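> Grabbed the feature section from Swiss-Prot, which reads as follows:
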{"type": "BINDING", "residues": "ASP33, SER92, SER94, ARG99, THR143", "note": "L-lysine binding site"}
{"type": "BINDING", "residues": "ASP33, SER91, SER92, SER94, ARG99, THR143, ASP183", "note": "L-ornithine binding site"}
{"type": "BINDING", "residues": "ASP33, SER91, SER92, SER94, ARG99, THR143, ASP183", "note": "L-arginine binding site"}
{"type": "DISULFID", "residues": "CYS60-CYS67", "note": "disulfide bond"}
{"type": "SIGNAL", "residues": "1-22", "note": "signal peptide"}
Amino acid sequence: MKKTVLALSLLIGLGATAASYAALPQTVRIGTDTTYAPFSSKDAKGEFIGFDIDLGNEMCKRMQVKCTWVASDFDALIPSLKAKKIDAIISSLSITDKRQQEIAFSDKLYAADSRLIAAKGSPIQPTLESLKGKHVGVLQGSTQEAYANDNWRTKGVDVVAYANQDLIYSDLTAGRLDAALQDEVAASEGFLKQPAGKEYAFAGPSVKDKKYFGDGTGVGLRKDDTELKAAFDKALTELRQDGTYDKMAKKYFDFNVYGD
């Protein structure tokens, strides 16, 4: 009798898992901004590459669904998600109170501190006094744009928003910007450690404000896609527990990108 009950319990458990996966779409369209190396970019062949891409592909594999990546400007990602043009966002998307009013998030993917970069030797610091009269580049729709607009733009700082990060770096190196505010890791790995960024460096400490920058990044999802959120969370927990996350992270970073 006990063996029969155990067998039935196992069958019920397996059936529940199968039903859970069956509720997911066969293909998950994931939106990402491909100008944000090393998280998301394209190689010479036009293939999607980066830490976000690796994470997304691994989670989809464990969820038993097919991932389709969709390139987009950053500020179009949430509108595209809400319009059902994509099913998820994996693009260094910070988990903030404001965004959670519009969409849902998975558990944390990794930390996301923000920091200024400027020419080496520049006295610029992330303070109003230092930035007054200066031109500061930010990514449209980003937490950095929201912070700069509320704290600097109305007080004498020229905050310039761009459709993608590559345009910011281009104007910075051309001298049209005095500084740029963006994700610290993206700035370090995607610009400062590259040939184009050799004459630039971080300007001052990280900019801290939980109201704007939240508690790390997550997968952006529609609020009613509860099964998809649960599946992403389960897959993320598994790959962190079995060491896959750390193995993938070491491909891109020489520090703990997940944070505390």
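Keep in mind that glycine also has a Cβ here, set from the backbone N, Cα and C atoms.
On a predicted model such as this, the values are computed, not experimentally measured, just so you know.
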> Pop the Cα-Cα gap between THR143 (L-lysine binding site) and ASP183 (L-ornithine binding site) into the table, whole Å please.
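Between the Cα atoms of ASP183 (L-ornithine binding site) and THR143 (L-lysine binding site), the distance comes to 9 Å.
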> For SER91 (L-ornithine binding site), which of the recorded positions ASP33, CYS60, CYS67 has the nearest Cα in space?
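Answer for the nearest of the recorded positions: ASP33.
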> Are there any residues in the same chain, six or more apart in sequence, whose C-beta is under 8 angstroms from the C-beta of SER94 (L-lysine binding site), and if so which?
ALA112, THR143, PHE213, GLY214, GLY216, THR217
> Any idea what the Cα distance is from CYS67 (disulfide bond) over to ASP33 (L-lysine binding site), rounded to a whole Å?
16
> Hey, what's the Cβ neighbour count for CYS67 (disulfide bond) at 10 Å?
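Its Cβ has 20 other Cβ atoms within 10 Å.
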> Looking at L-ornithine and its recorded binding residues ASP33, SER91, SER92, SER94, ARG99, THR143, ASP183, figure out the farthest C-alpha pair and report it in angstrom, whole number.
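For the residues that bind L-ornithine, the greatest Cα distance is 17 Å.
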> Applying the rule Cβ within 8 Å of the centroid of the Cβ atoms of ASP33, SER91, SER92, SER94, ARG99, THR143, ASP183, what extra residues of the same chain belong around the L-ornithine site?
PHE74, LEU93, ALA112, SER142, THR217
> Taking SER91, SER92, THR143 as the binding-site residues to compare, which has the smallest set of other Cβ atoms within 10 Å?
SER91
> In whole Å, how far does the CA atom of ARG99 (L-lysine binding site) lie from that of CYS60 (disulfide bond)?
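Rounded to a whole number, the Cα-Cα distance is 24 Å.
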